[in-house]
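In what follows, a single structure is set out as structure tokens and then discussed.
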């Protein structure tokens, strides 16, 4: 069973006298920095000049360039997009690290796949809230928190675990529970969830359902509602009560259809495909492809993205969402809270 830590399990004053640099001020960065500050941690922000720099200053932080922040800090938390981290680390972070410092991540991709090779004389650990930045911030303000993962990659000082748990506590994670894992497990499960279920699997399922209905002659607007729009209703039930709770809340007709038709759609062949996806993650194939794609300025990524944005479900969806201003209101509120992307 996974080991879970709560506030009472974590040593006090571990971060006292230590300066934490949050690198990046996007969705996670703004939440970490504000929560750390309000927990009494000495925190600074490192970010490139621009909107994020101005927003961090507006929020009351001491803001520096990435290089300046890394040079001052005892603990450096890297909260940049995966594809930016390696270049920024090499150019602006690495030389500022001193023996006994801590290099911290919220996702293990670059360390696990050896894009970032930390110095041998620093602690390296991971603290990953299991929720977007606006939720990390909002729950903290409410006196609660979002569960988080932590993992130790390199413990030079003998204090890496204490520092990781103290950091997780300071951003509110230990109010809900901090789960112990490894860089390998966090990275591979996170990528698999994104690719096979949450993003890749789900979008492909939605499009296939939409296309099945429209190709059979049904109106695309109805297909959109049935295969995409109403998804939120079901996901919210699953999020709050699990699969059984969702099934309790839907009609018996829908539940019977779930039981008899769901396995026909997601069958053993699909599961075998999922295993292939997992294998590509585990052996580094996916990581290599993504790294190379970024090195050549993303030709496939950009082409696929442009094509997907003009799929019929998007064209229909844009029109239908104009009929539902409440959808956009929720999006605008979240964007204001989250701040800039990086």
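Keep in mind that glycine also has a Cβ here, set from the backbone N, Cα and C atoms.
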Response to the item:
For the NADP(+) site that Swiss-Prot gives as 25, 26, 27, 28, 48, 52, 82, 83, 84, 85, the extra residue out of 108, 131, 133 is 133
Item to complete: Report the nearest neighbour of residue 230 (Mg(2+) 2 binding site) in space among the recorded positions 25, 27, 107, 194, 251, comparing Cα positions.
Response: 251
Worksheet item: For residue 107 (active site), what is the tally of other C-beta atoms lying within 10 angstroms of its C-beta?
Response: 21
Discussion item. Radius 10 Å, atoms counted are CB only; among the binding-site residues 27, 82, 194, 226, which position scores highest?
Written reply: 27
Fill in: Which listed residue (133, 190) has most other Cβ within 10 Å, given these are binding-site residues
133
Response to the item:
the domain 'KARI C-terminal knotted' (182-327) resolves under DSSP into 125 helix, 0 strand, 21 coil
Practice prompt. Return the single residue from the binding-site residues list (84, 251) that has the minimum number of other CB atoms within 10 Å.
Written response: 251
